[in-house]
């Protein structure tokens, strides 16, 4: 081994410093939100809280627990996420398994048929009119059917079926009298758990975080997902303050302080599921992106 | 990122099928794999209804859509809606903003994950490397609503931490969200904060595939670290870079609705109004279906043509392309 030159060591050090700065820049806003959510809101808006919590309190979280709409939103989001992800996953497997089979005539044409939609589509208005004509407006279906499957994920899964599962295994099963669907159920799916975990993660995070379909298709507040209420509390709330100049508000009115506390706490609450699962899932989702990348 | 692998599939598929006994093998496959066709049928049906039917519905862009007459029965009016859009007061502003945000994002947002990956790849200490990756991937999972909400809280003129710092340093408080000149910068850099880490995964995967022998040989030849990054790592991941660049350029007119819409307000509209928000405003809110379908169609056609053009260019230049 040759000893690294001075220049190389300097370059290495510079890289470490830049990465450390990038790390801090990404981490700081996240930690700030966490600390702000448990700090006295007065200290936060006056700028006295900059990293660690000041006068710890749970007032924001308590207010959220008593906010009926947030609870409704949370419940709806869980419902939409579970149903939506189940549909996504089924559709992805239904498409990926046949397309992964060499003896499935027509798979080239079908793949092209699906892939074309990644680059061209009817756009917002024709899709909206279609959903309206199908009487899906203001129903759960408007949130889970128009985006029932992602072509990109079909391709990832198809690639996994082709490369991650020994071809001989499927052939042996077929010789032993296993039908296609039986092979899928007994051999392919049990061996595909890592990729299924990735798919569940990608799809469910997508549903959990989406607001656009709900914005255009829902008008009944009882059906709103969490993100729409978040939009009202976080984005619209801030916007109104800014547009009104907010001169009157600076930190006296109890109601305003409560509103502030809610804002910080709700960001944490809204991301709680992923926050809790994140450390365990990390190795899976990296794998998922890699499979997609390697194929290209 | 999407389409990276998909493009390859589109290319290899139809070609592989082109054989003389195609019909025969289809008949054989239908008999043997009828259950597979049944399995994929709902997916094909979904794509026909929710992706191809809206393309058919796009004809309302050339019609005067009347709901009771339906898509087919509404009268044709040719290119009137396009004409109206091109002549409208907003046309120049929309194009300028859409392109401006996109190109800004391309310049900054495209290089950030690449640089990050090249740097992470140089880190030998496992724990530090893992820490950087874990933290920088995390913001990807925040929703757009939460991201924009956070941006607004941090930048709030009265209570945001950024302005507290500015004032502390002797400056003046800036109302970032209502100043049109700040809009694009906030949009792009909040995007970098959220996505640079996630975007670096794909480059790290490509970097992991580079032959270590090249590095060893270069070290023996006395190549410095930076030289090795420049002459080995960068060329090694060039195909990945080109593919992603093609996809990005092909979407240069496709500034997403979600984030812009949330960040938009009446005071910053002159630099935040993009085609996607205009289509929403005219179509969904204003119910001018034909006109906004025309605007949307114009946008997708430009994107599609750009994608094909850039792809063809890349193929000629260095043999890397989507299909």
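Cβ coordinates are placed from backbone N, Cα and C, and glycine is handled just like the others.
Looking up the ranges B:229-249, B:250-270 in TrEMBL, the one annotated as transmembrane segment turns out to be B:229-249. Between the stretches B:72-92, B:135-155, TrEMBL puts its transmembrane segment entry on B:135-155. Nonlocal intrachain contacts for the transmembrane segment (B:101-123), taken as residues 6+ away from its ends with a CB within less than 8 angstroms of a stretch CB, comprise 129, 132-133, 136, 184-185, 187-189, 191-192, 195-204, 207, 225, 229, 233-234, 237, 241, 244-245, 248-249, 251-255, 260, 274. A Cβ distance under 8 Å defines the sequence-distant neighbours of the transmembrane segment (B:135-155), meaning residues of its chain 6+ beyond its ends; these are 116, 161-163, 176-177, 186, 190, 193-198, 200-201, 258-259, 262-263.
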